[in-house]
Amino acid sequence: MSHAAPAHKRILLKLSGEALMGSDAFGINHATIVRMVQEIAEVTRLGVQVAVVIGGGNIFRGVAGGAVGMDRATADYMGMLATVMNALALADAMNKQALVARVMSAIAIEQVVEPYVRPKALQYLEEGKVVIFAAGTGNPFFTTDTAAALRGAEIGAEVVLKATKVDGVYTADPQKDPTATRYAKLSFDEAMARNLGIMDATAFALCRDQRLPVRVFSIIKHGAFKRVVMGEDEGTLVYV
């Protein structure tokens with residue numbers, strides 16, 4: 001019996017920093033990061049090229065309480081450094097699972113991580129390595145969602161997979177409204193008109209303009225990542 005082929009050859013996975021916390025209130029939960037890496041490894045074994053953009057909200061958020069009274073640009077740089085810490089942890093967990101991971105940072109920290117160079121990133125992906133993009137876009141005032149849209153467009157990803165704690169986009173908050181229903185798919189224009197808050201406007205506009213679809217799915221739901229990559233009805237597809 002022949003196995004179904006993956007629906008995508010090259011993907012950009014956007015992981016929030018909060019996703020690494022698991023049930024903890026702060027930081028990186030070891031069991032959670034190991035489970036995530038196992039799911040990523042399963043997808044790479046299908047021959048899919050995986051790049052990751054990771055957030056830093058489990059350590060520091062430039063727009064959150066810890067940054068009150070702080071210069072916004074300074075706070076954003078601190079948030080970028082938090083993403084580097086997360087990227088190193090993720091790469092370490094991947095290397096222990098027999099994956100080969102490369103961290104590429106938008107901010108130069110040469111003793112610790114490689115600088116982001118697009119041709120090198122593409123080479124790593126072609127070689128079957130997982131590339132983890134750290135430090136967002138390298139600029140303050142831009143979110144890691146925008147970094148995911150930017151890197152996704154740069155590397156020619158077929159889709160941005162936004163991993164969240166909810167299994168898609170709903171008509172309302174499913175935890176507050178029991179009648180809320182999940183969208184199977186909707187257009188960028190519909191999502192923007194309904195103000196569904198899937199990504200910030202800059203990230204969303206970039207994906208729309210580059211005709212780069214976004215699929216929102218739950219990273220907590222076991223096997224969801226693989227189902228998304230296989231093109232199954234999982235999460236919510238936002239298309240042009």
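Heads up, the Cβ atoms here are built off N, Cα and C, so glycines get one too.
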Of Asp71, Asp76, residue recorded by Swiss-Prot at the UMP site of Gly56, Thr137, Gly138, Asn139, Pro140, Phe141, Phe142, Thr143, Thr144: Asp76
Given Swiss-Prot lists Lys14, Leu15, Ser16, Gly17, Gly57, Arg61, Tyr170, Asp173 for ATP, the same-site residue among Thr44, Thr164: Thr164
Candidate with the highest Cβ count within 10 Å, taken from the binding-site residues Lys14, Ser16, Gly57, Thr164: Lys14
Separation of alpha carbons, Lys14 (ATP binding site) and Thr143 (UMP binding site) (Å): 12
Residue among binding-site residues Gly56, Asn139, Phe141 with Cα closest to the Cα of Asp173 (ATP binding site): Gly56
Candidate binding-site residues Lys14, Ser16, Gly57, Thr164, pick with smallest Cα gap to Phe141 (UMP binding site): Gly57
Residue among binding-site residues Thr137, Asn139, Thr143 with least C-beta crowding, 10 angstrom cut-off: Asn139
UMP site shell beyond Gly56, Asp76, Thr137, Gly138, Asn139, Pro140, Phe141, Phe142, Thr143, Thr144, criterion: Cβ within 8 Å of Cβ centroid: Gly62, Gly79, Met80, Gly136, Thr146, Ala147
